[in-house]
Amino acid sequence: MSENNATALPFAPGFSCDLSYSGIFENLKYLLQCAYMVPPAILYARILYVIWVKNRKIYIQHQFFVIYSMDSLMGLFLLLLDIFIIRFFIYTPQFCESGSKFFLSHPILMDIYYPFFNYLHCCQPLIQIFLTLNRMSSVVWPVDHNKIWRKNLSFIIIFILITPFLFIWNTVISPKILISYFGGFSINYQKLVPWAGMTLFLMILRSIAAGITVVSTVITFWKMSKMRNRLKKSEKTLCFACAGTSICFLIPAIFAAFKTWNSFWAKHWMSDVLQPFAWDVLNVGSPFIMIFVSGQLRSHVFDFSIFRNPSVVTVHTATVIMNTSSH
């Protein structure tokens with residue numbers, strides 16, 4: 001979780017589990033969190049299936065959904081890491097001793113897991129930037145929008161996938177450690193380069209993304225207010241969906257900025273407790289907002305009739321997409 005207390009807590013070879021926590025109570029906290037993390041994980045998987053398998057020929061023609069599928073993939077990975085690794089070992093004191101010994105005896109797993117975890121968090125702000133820019137350009141340059149994004153989509157995808165390494169390099173080269181967290185433990189790192197902290201890097205990245213998100217969203221809705229009704233209807237669905245996910249993104253971004261600039265809050269134990277839940281707002285809220293706002297995606301995600309009459313579903317899908325995304 002937080003890197004601020006990494007050097008102050010015990011780690012190998014002196015790492016020890018805190019036996020003062022009630023196993024049953026901690027397990028209950030884990031199950032309650034799984035209860036709201038499992039449904040969006042399933043929803044993410046279903047969205048990815050719809051975009052890349054079930055209706056691939058239709059959705060990959062629209063750059064917004066290609067980029068959103070990357071966001072869904074990152075969100076799915078983060079939820080799976082939370083469910084099966086991060087919160088499992090934090091809230092199951094029964095496995096603290098055996099789990100810590102396993103990771104300490106297989107350090108390669110920590111060397112892979114921790115940079116990958118931060119890589120996913122760095123990808124999310126970059127994806128958010130291009131999602132909001134995509135919606136802005138669709139109303140600012142409706143005629144050339146598809147041409148511009150189709151031409152630059154490959155570069156955008158490469159940029160999103162490579163840029164995070166500019167921020168996570170210190171987590172790659174630094175030794176990984178275990179820190180005591182509630183009745184269990186969490187994997188962290190002991191910074192080899194003291195000034196290059198992930199908290200600072202993520203705050204900078206999220207602040208830039210938040211600024212672009214706010215400006216792009218304001219321009220999008222200002223421009224929509226001046227468009228003809230016919231054009232409004234064709235764009236408003238995805239614009240509202242994007243605005244909703246932007247709000248989910250801004251909450252952890254604001255939390256990270258406040259934690260970085262407020263020294264008292266950064267060192268307070270409540271900061272480490274609440275930080276994961278700030279991330280949950282984005283990872284849990286994003287798929288539900290998109291499904292709730294986008295009728296065509298909702299109908300495809302919850303429509304299993306393709307297995308009975310795929311030709312009818314394909315024709316219906318093409319009609320809905322053309323009606324909602326054409327310019």
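Glycine residues also receive a Cβ, built from the backbone N, Cα and C atoms like all the rest.
Those TrEMBL annotations? Automatic predictions, nothing curated.
Pulled from TrEMBL, these are the features on record:
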- 30-52: transmembrane segment (TRANSMEM)
- 73-92: transmembrane segment (TRANSMEM)
- 112-133: transmembrane segment (TRANSMEM)
- 153-172: transmembrane segment (TRANSMEM)
- 192-218: transmembrane segment (TRANSMEM)
- 238-257: transmembrane segment (TRANSMEM)
- 277-297: transmembrane segment (TRANSMEM)
Counting only residues at least 6 beyond its ends, the same-chain positions whose CB falls under 8 A of a CB in the transmembrane segment (73-92) are 1, 23, 26-27, 29-30, 33-34, 37-38, 40-41, 44-45, 48, 99, 113, 117, 120-121, 123-124, 127, 181-186, 276, 279, 282-284, 286-287
Mind pulling out the one from 30-52, 112-133, 277-297 with the most Cβ pairs under 8 angstroms to the transmembrane segment (192-218)? 112-133
Sequence-remote partners of the transmembrane segment (112-133) [C-beta within less than 8 Å, at least six residues beyond its ends]: 64, 67-68, 70-71, 74-75, 77-78, 81, 85-86, 156, 159-161, 163-165, 167-168, 171-172, 176, 187-189, 198, 201-202, 205-206, 208-210, 212-213, 216-217, 220, 242, 245-246, 249, 253, 279, 282
Quick test of the contact rule: Cβ under 8 Å, at least six residues beyond the ends. What residues does that give for the transmembrane segment (30-52)? 59-60, 65-66, 68-69, 72-73, 75-76, 79-80, 82-83, 87-88, 90-92, 280, 283-288, 290-291, 297, 300-301
